[in-house]
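Have a look at the structure that comes next, please.
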Amino acid sequence: MSAFDTNPFADPVDVNPFQDPSVTQLTNAPQGGLAEFNPFSETNAATTVPVTQLPGSSQPAVLQPSVEPTQPTPQAVVSAAQAGLLRQQEELDRKAAELERKERELQNTVANLHVRQNNWPPLPSWCPVKPCFYQDFSTEIPADYQRICKMLYYLWMLHSVTLFLNLLACLAWFSGNSSKGVDFGLSILWFLIFTPCAFLCWYRPIYKAFRSDNSFSFFVFFFVFFCQIGIYIIQLVGIPGLGDSGWIAALSTLDNHSLAISVIMMVVAGFFTLCAVLSVFLLQRVHSLYRRTGASFQQAQEEFSQGIFSSRTFHRAASSAAQGAFQGN
């Protein structure tokens, strides 16, 4: 029966693999605790790969720390405001100095205008009588008033020519009628008086008014020129015995069969009529310009008062009167 107990498939030598000396040696070796296990303690760990340094600057990159903006202090605000005020003050001082310089230049220009040599009337250099006035429309008269001022100057010239023609007409009248010697004498007197008086009494005031925008000069012109228009009306009528060869005097010569003398006197009467019409027209033009300037009679009074009180002649006269009154007492 023992023969049946034998395993035919069994190894004749019963070998236990776990009884192998190499295995038992490993299993009997002391095992360290799990806590003492260090996977990085092996000497055969991964080798370290050297890092290749990039070419370039040897200085490391430095990040600038960001600085948050701080609120300005009150002292800084005050200092900035003071600096702005100082700059504005310097700018104002510079502008004031520039204005003062321009004002001095303007005063020098005006002074140079005043010291210019008189050029009217245009007399030759050898004449012993020198010019009495300075007249330059382009320099002294504003551009808006130059045209009307020249027209008034031409009217004065026409006025002078008409008076001279009136003298010749009265001479012809006197040559045809010996009883008209008074008219001829008065015509000479009118020519000698009215020619310079018209220039001084109404042309020069309007010239000064346009030059300096003086209300008082405007009122002087209006008053004298209105009287001049009245004289023109009397002259164009031609009342005999007044030295005017107007329409009545010219028509009266037709009875004496002096046609040539009558024609000459009618031409002069036409000149007087033309002067009267132009005077009325120019008076209206000047008055309209005067109204646009906004001047008034009160302003003219103030200018007249300032001119009187600032006059050296008035001061001397007042001082002389005061001294005389004091000595009399």
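Cβ coordinates are placed from backbone N, Cα and C, and glycine is handled just like the others.
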Which one of S217, S252, S320 shows up in Swiss-Prot with the note phosphoserine?
S320
Quick one: does Swiss-Prot have A250 and R292 on the same side of the membrane?
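In Swiss-Prot, A250 is across the membrane from R292.
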According to Swiss-Prot, which of these ranges is region 'Disordered': 1-21, 106-126, 295-315?
1-21
Swiss-Prot annotation phosphoserine: which of S245, S258, S319 has it?
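Swiss-Prot records phosphoserine at S319.
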Could you give the residue numbers and ranges of same-chain residues that sit at least 6 residues beyond the transmembrane segment (219-239) on either side and whose C-beta is under 8 angstroms from one of its C-beta atoms?
166, 194, 198, 201-202, 205-206, 209, 245-250, 265, 269, 272-273, 275-276, 279-280, 283, 286-287, 290, 297, 300
Restricting attention to the region 'Interaction with SLC9A7' (203-218), give the mean pLDDT.
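That stretch averages a pLDDT of 91.
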Which residues, given as numbers and ranges, are at least 6 beyond the ends of the topological domain 'Lumenal' (175-181) yet have a Cβ under 8 Å from it?
240, 253, 256, 258, 261
Who are the chain neighbours of the topological domain 'Lumenal' (240-262) in space, where the CB to CB distance is under 8 Å and they lie at least 6 residues beyond its ends?
166, 169-170, 172-173, 176-177, 180, 182-187, 189-190, 234, 268-269, 272
